[in-house]
Amino acid sequence: MFKNKRLSIILINIAVIIVAILVFRSVAANMSSKKIPYNKFVEMLNKKQVKKVVIQNDKIIIMPKKGTKEEKSILYTGAINNDKLVDLLEKSGAEYSQNVSESNPLITFLIYGVFPIFIILIAARFLFGAMDKKMGGGIMSFGKNTAKLYAESQTGKTFNDVAGQEEAKESLEEIVDFLHNPKKYTEIGAKLPKGALLVGPPGTGKTLLAKAVAGEAKVPFFSLSGSDFVEMFVGMGASRVRDLFSQAEQKAPCIVFIDEIDAIGKSRDASMNSNDEREQTLNQLLSEMDGFDSSKGVVILAATNRPEILDKALLRPGRFDRTVIVDKPDLKGREAILRVHSKSVKMDSTISLEDIAKSTVGAVGADLANIVNEAALLAVKNNRKVVCQEDLDEAVEVIIAGKEKKDRIMSPREKRIVAFHEVGHALVTALLDHTDPVHKITIVPRTMGALGYTMQLPTEEKYLVSKEEMLDQITVMLGGRSAEEIEFGSISTGASNDIERATESARSMVSIYGMTDKFDMMALESVKNRYLDGRPVLNCSETTATEIDNETLNIIKQCHNKAKDILDTNRDLLTRIAEKLLDKETLNADEFMSFIEHRNDNPEL
Ligand code: ADP
């Protein structure tokens with residue numbers, strides 16, 4: 001009936017209470033009484049039929065004697081100012097008294113004192129309850145933390161669910177063992193670890209690892225984000241920290257996981273605009289970590305992707321004294337993660353997860369989980385019962401470049417430009433020595449903006465990149481625009497992303513990797529936020545900065561010329577592959593390589 005369910009509950013409650021009061025009052029007021037005229041009362045007195053009389057302000061209550069007609073009821077009549085009444089009462093022999101309250105004082109107190117307060121309290125509770133919900137926690141729960149308590153069965157994760165993070169798992173296994181059997185450690189006199197800091201880029205599985213520790217140790221798991229502590233009101237965060245620790249101690253042994261700890265753990269002196277609330281919260285966290293007794297088995301795990309901004313006090317022994325690096329997975333790691341996630345997905349037996357791992361350099365666990373899921377969705381879309389390699393390949397491309405945009409209509413000329421641009425990249429790749437082989441060339445536009453792209457597939461995982469490789473990579477990036485210049489004699493906006501990446505690489509060769517003669521091994525830029533965007537920060541004078549720009553430009557010019565040379569000498573090959581690509585829209589590695597091999601057989605072509 002009411003749109004607002006809560007309002008209707010309030011109204012029903014109030015109605016029930018009002019009815020209850022009325023019933024109560026009517027019982028108290030003796031509903032069985034009967035009114036009689038005053039002369040009848042006088043008559044009854046005269047006839048000595050009255051047992052007891054109670055005189056009140058405005059009425060007289062009469063209790064008749066037994067054996068009279070009205071013996072079963074209580075009678076009353078209006079009080080009249082009658083001087084002779086007392087004489088009459090005396091003569092009748094009735095027992096009489098004045099001003100006795102009509103009901104029990106306790107009942108009166110309940111009705112007039114307690115009930116209204118009760119109603120106000122109920123109404124307030126409902127109203128604040130409604131506001132609480134709207135404000136997401138607020139009024140009634142000020143200072144209470146919003147930690148979610150997952151029981152052991154709910155985390156349900158084990159180390160088997162975390163792949164490709166073997167070192168991290170190894171460091172955390174000790175904590176699991178300690179939670180299982182704290183005595184083993186305390187007996188020998190060892191101090192138990194209070195906390196560990198999980199450091200790594202987003203999506204590498206830090207939360208997953210923390211849950212797995214709780215799952216392995218079969219202990220409850222409290223999880224909270226750093227930003228949950230920091231509220232608008234000063235002191236709130238600190239009280240939440242206190243609350244969290246007192247809850248955790250009650251549930252010990254347990255794991256407390258604080259995600260994004262940098263939200264509260266930011267270095268206190270680093271920023272100009274200090275934040276009282278954050279500092280107070282941090283201080284409280286520090287003192288709670290010092291204060292709690294680790295032998296009880298509370299382990300604090302915290303995650304961050306900006307370890308460099310954390311306050312040093314957080315990292316000192318006795319607090320988060322262990323740092324567990326959870327880095328981006330390598331080739332083997334990526335394959336293992338894909339395997340973990342494909343367990344629950346029906347896969348064709350011929351699928352090579354290794355190939356997928358190879359084509360996803362730099363992907364983190366969350367990306368890989370997403371790729372497997374995307375492949376399963378594609379299989380359903382294509383009416384397949386199992387996921388096949390094609391779905392996985394397509395999923396990788398969807399994650400990297402977005403979905404195919406088949407309805408985008410490009411003019412034939414634009415299509416031609418894109419085809420030459422992509423073949424430019426591919427041909428330079430194939431003809432240089434220090435590059436990864438071409439995996440696929442396509443001119444099917446994608447939703448994320450690419451009009452076409454060339455995919456390379458590394459044959460092995462590389463941890464070091466040589467100067468030659470870097471130069472060749474830059475040359476490949478500039479190959480697209482070079483092909484446009486050679487074929488059309490004009491240039492387009494299509495190379496903006498190539499230019500950006502090529503410049504970034506060339507610049508880091510000069511300023512970070514010390515790969516130029518001019519600056520030798522001088523560090524001119526340093527990388528901040530290693531686990532986030534890795535943006536370099538310049539630490540040299542302005543004059544040097546100008547020279548860095550000049551050196552960068554030199555590298556780019558040199559690579560651009562090299563790309564143009566290669567394409568110029570292989571112009572015929574460029575045209576033939578581009579025509580084929582225009583025709584087929586996508587060329588796979590074999591189709592592309594057959595052109596290259598054919599050229600080697602017939603050098604005059
Ligand atoms: P983080 O906390 O580091 O940002 P999460 O732990 O929230 O990352 O990871 C998000 C999801 O990505 C996980 O739920 C899991 O499905 C997947 N994932 C990430 N890393 C791994 C890994 N090493 N092994 C298996 N799955 C992973």
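Backbone N, Cα and C define each Cβ position, glycine as well.
Annotated Zn(2+)-binding residues in TrEMBL are HIS421, HIS425, and among ASP355, ASP367, ASP498 the one listed with them is ASP498. Take the CB of LYS206 (ATP binding site) and look out to 10 A: across all protein chains shown you find 28 other CB atoms.
In the vicinity of ligand 1, defined as a Cβ distance under 6 Å, the following of the recorded positions PRO201, THR204, GLY205, GLU422, HIS425, ASP498 are placed: THR204, GLY205. Residue counts for the domain 'AAA+ ATPase' (192-330) under DSSP, helix first, then strand, then coil, are 62 helix, 29 strand, 48 coil.
Neighbour count (other Cβ atoms within 10 Å of the Cβ, all protein chains): 25 for GLY205 (ATP binding site).
With respect to GLY205 (ATP binding site), the closest of these recorded positions in Cα terms is ASP498, chosen from HIS421, GLU422, HIS425, ASP498.
Across the structure, HIS425 (Zn(2+) binding site) and PRO201 (ATP binding site) are spaced 30 Å apart at their Cα atoms. It is 40 Å from the Cα atom of GLU422 (active site) to that of THR207 (ATP binding site). Within 8 Å of the Cβ centroid of the Zn(2+) site, not counting the listed residues HIS421, HIS425, ASP498, the chain contributes GLU422, GLY424, THR454, MET477, LEU478, GLY479, GLY480, ARG481, ALA483, GLY494, ALA495.
Per-site Cβ counts within 10 Å over the recorded positions GLU422, ASP498 peak at GLU422.
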